Amino acid sequence: MSDIIAYKVDGEIVDTQSFKSLKNVKNAEEIYFDNSEDALKVIRHSCAHLMAQAILALYPNAKFFVGPAIEDGFYYDFRVTKENGEKLGKEDLQAIEKKMKEFIDAKEEIAKICSTKSEIANEFKNDDLKQEVLKRIPDGEVSVYKQGDFKDICRGPHVPNTKFLRFFKLTRVAGAYLGGDEKREMLTRIYGTAFADKENLNEYLRILEEAKKRDHRIIGNEMKLFTFDDQIGAGLPVWLPNGARMRSKLEKILFGVHRRRGYEPVRGPEILKADAWKISGHYTNYKENMYFTKIDEQEYGIKPMNCVGHIKVYQSEIRSYRDLPLKFFEYGVVHRHEKSGVMHGLFRVREFTQDDAHIFCMPSQIKENVLEILDFVDKIMKNFGFSYEMEISTKPEKAIGDDKVWEIATNALKEALDENGFKYGIDEGGGAFYGPKIDIKITDALKRKWQCGTIQVDFNLPSRFDLGYIDENNERKQPVMLHRAILGSFERFIGILIEHTAGELPFFIAPTGVSIIPINDAHLNYAKEVQKALANLEVDSEILSKNETLNKRIRTAEKGRVPMILVLGDNEVKNRSVALRDRRARAQSNLSLDEFLEFVKNKLNEVNF
């Protein structure tokens, strides 16, 4: 049996240092030193402190802000300058790791000391960053954790001894604004990870290296899909011809699926009066994420979501219960303010397009429509090779509507999943400000989880906009509004798909499906004939006929990760055939042109949405 490093009491993780002082504990669950989710939270949080201890030993002038455990590891934000006046860089990580290992070998006890806030403030009176931390802590008892000469204000939990922190790795150095405020100073942030054993650490590091090779920003540049430009602005992607072709194919496929499932296309404006956002609650609850402007002295907000426009479509006619459910969808371009430090390629941008839909239905229709959406999600994700899991996110601290309405909406989601045997987790407080939601989290080839699709049940916006329908008794009733996205956003989903496939995109959305390479000019007319036949199948192709060697042109096609390469020479022209290199199957073959076109048709028909 491995060592106990903490306990779980009433759903909260309590370290061994704190557990000793608890009284009348009835249901305490041991947390052992292993790679369970709870154990890793404790190990990684403690490793953040260990890193800070090492940094302080190497750089006595260092000041520390916060160092939490995060999903895949930990980080610490701090201020330090080296003797040459520079900030720490990646080249300094090895020395920090070496010092951390010294403290691990020393097997230092980690002690918890509790005191009053004023006493702690006095102890750290010369540390401006710790004073910033104290501002965020309510009055009362404050805890400090101590290991060796290092002390830090912290709630815990932590392992009891540094000996439990042997399997760690510092991964990267970044900058982070103090408290996430872009107007404050830039601190240094070092990220790391930790596990309970060497095997899991090595596997994580292997995946990390593979992720670098699959970085969608690098592959996107190699495949000429998209770019970013400082003159345009951060978080504003520019789609190049290859990327625009791929994206349009994805949009076209989804458009057809929506129509077959009974959705009506609509389109709302991208800029709305602030009055509309005040009614919806966005002005109060989401304003910091929005962009505003003035037109003729009237304040307008650029939409961060599409829901208000779809509400206005609903209100354009008198609705009957016979009309419901009404399903409106839109590829809606939205803008949200993201801090510069969190933007990352296509994953976090300021302008993006949602595959957004809103379903207006009667309360009795909630379950059937939620299940229809889940079936939609299942079809899409399986066609792209993703597995997924679901999580119900409940009422956040900042929300509109009363608790009773939230309870009804949350229970409607739970019942839809429970009655059909779906497994799901609970994310307490993770809902949208207007309603609870089901988050769809997909798992990629590197076993990373990404939140993409979402289903939200909303009683609040229909009430705020006084939506209604006439029921079978000729009485006016309020509909329920289901907010729904399958991909989440095209930008984010495409970024995930690029990394999931390492750029080897499915044939049906590949920007260029076939590269045609005539060996010399005598074969060019036949190449054009093949290209025309492919165009009739709606397959994009390119002819690589530059005055370059055959091998160089083949390498160009391979660098672009084109699924199929055709080499055309004298034999192919004479026999009306093609020499096919199938990149995805890693196979070469010779086919007649008719056989090849039939092969392409079959490839296109392999997916069924």
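Every residue, even glycine, has its Cβ placed from backbone N, Cα and C.
Values in this document were obtained by computation on a predicted structure and should not be read as measured data.
Among the candidates C154, C307, the residue that Swiss-Prot names alongside H358, H483 for the Zn(2+) site is C307. Within 8 A of the CB centroid of the Zn(2+) site residues C307, H358, H483, the other residues of that chain are M305, N306, H310, I311, D356, A357, Q456, D458, L461, M481, L482, R484. All chains included, 22 other C-beta atoms sit within 10 angstroms of the C-beta of H483 (Zn(2+) binding site). Across all of the region 'Catalytic' (215-506), the predicted model scores a mean pLDDT of 94.
Cβ contacts within 10 Å of C307 (Zn(2+) binding site), excluding its own Cβ and spanning all protein chains shown: 23.
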